[in-house]
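Peer 1: Okay, handing you the structure first.
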Amino acid sequence: MAIPFSALLLALLLSSSHLPLSSPADEAFDVRRHLSTVTRYDVSRETFDASFSPSAVQDGCRPIHLNLVARHGTRAPTKKRIKELDRLAIRLDSLLNDAKQKTGKDSLQKIPAWLWGWQSPWKGRERGGELIIKGEEELYKLGIRVRERFPQLFDEEYHPDTFRIMATQVPRASASAVAFGMGIFAGKGTLGPGQHRSFSVISESRASDIHLRFFDTCETYKEFRTSKEPDVEKMKEPLFDQIASLLSSRYLLNFTRQDISSLWFLCKQEASLLDITNQACGLFNPSEVSLLEWTDDIEAFVLKGYGESVNYRMGVPLLQDVVLSMEQAISAEEGNLAGGTSEKARLRFAHAETVVPFTCLLGLFLEGPEFEQIQREQPLSLPPMPPQRRNWRGSSVAPFAGNNMLVLYQCPGNTSNDRLSSGVQRNKYFVHVLHNEIPIPMPGCGQRDFCQFEVFKERIVNPHLKHDFNSTLMEPKKRSQFSQASALTE
């Protein structure tokens, strides 16, 4: 079913004409917490919802395996966006020259001083997108914390079959895997003052990586995204136009919709990468920042998240791989796995386009009865606009270094004979789900974060398994016909 963009556009047009100029909490407002998926990991972890009471892991339970699906750390802007910032510098210079010719000296005082002569911090750079020092530190510290939290898993001697580390072929993802590995294996070797050790990072070809870059290999998804991106941009236009009008009046500069888009991008880069919040970000008041953040969150929702089932259906091979690793760990515990030391952790480093669909497959960050809707692959309503509260926030779902951890526990069994056909006691193994290291409720497990493994498979995993990657991949013609029919009803 097509997303009702026309209805949304009408709502935006009605609401954007009444944008508030201030927020009652202006003084406490930290723009770094409102950068959607450009939010740094340390800032995101400071803003988690503390209202959820995590499950108490019962005495005698011990972790036997850990799955990690992580996004790369904080990165530099890409080459394409560096060029956009260079164009912005030229545009701002033109706006300032116009202002000097058309306004008096008193009016020029309204223009923020930083705009005069501004140049992009990345001016002249020919390459971009690499993991920066802040990103290295995010993953390195994450590795240290994971080892400290689960010493039973990581005290074992390193072997590539015991600790499998995987990354996409994109350098910022593999660099993130290396930084994490340096943290988790720190002091475990003999190399240098830090007693580091070498370790293996495995990558699949971009053309065939259906576990971590399924968004590149799924033709159905690529067709969907191409068709919906113009709709998302059109959806943003009323808000961007209204904010452009407000800023034009505030600073007496003739800002356009494109100017607002570029200035918002600059704000996110300055605040997240450079901790500069009083330049581009200072042009916007808190209400405007919240609305710009919402447009980014909606874009992630529509093009990567719950906006269309193909977004997460294409991630089923990753979900299957996670479950398979757990089943193999259980077999090893039960003595049914032949040969060698059993795997203790499967650690994956990829992109927002990986983490967001996987988060959706788990059913996280939903509102009310929406879990049943995604199990039936029904479309969800878009997250509400500010100031209404919403669960879906890019800064929480997929910040830089954002991650999902699924920890498999073995717990003391009871005396019942409730066993599976394999002989494994049904209530002996549990899955603990953490998002950005914080226990998170799973609707499929009764809003608990600690769930029986068989219940996890039955209620969360199995409903998605009616699709395999090949069936999702081969649907573009059928989907195109369906989309044309749906468009007639809008």
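Just so you know, glycine gets a Cβ as well, placed from its N, Cα and C.
TrEMBL does not curate its annotations; it predicts them automatically.
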Peer 1: For CYS445, what is the disulfide-bonded cysteine listed in TrEMBL, choosing from CYS411, CYS451?
Peer 2: CYS451
Peer 1: If you pull up TrEMBL, which of CYS61, CYS218 shows a disulphide to CYS411?
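Peer 2: Of the candidates CYS61, CYS218, the one TrEMBL pairs with CYS411 is CYS61.
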Peer 1: If I take the alpha carbons of CYS411 (disulfide bond) and CYS281 (disulfide bond), what is the distance between them in whole Å?
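Peer 2: For CYS411 (disulfide bond) versus CYS281 (disulfide bond), the Cα atoms are 50 Å apart.
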Peer 1: Please report how many Å separate the Cα atom of CYS451 (disulfide bond) from that of CYS281 (disulfide bond), as a whole number.
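Peer 2: Between the Cα atoms of CYS451 (disulfide bond) and CYS281 (disulfide bond), the distance comes to 42 Å.
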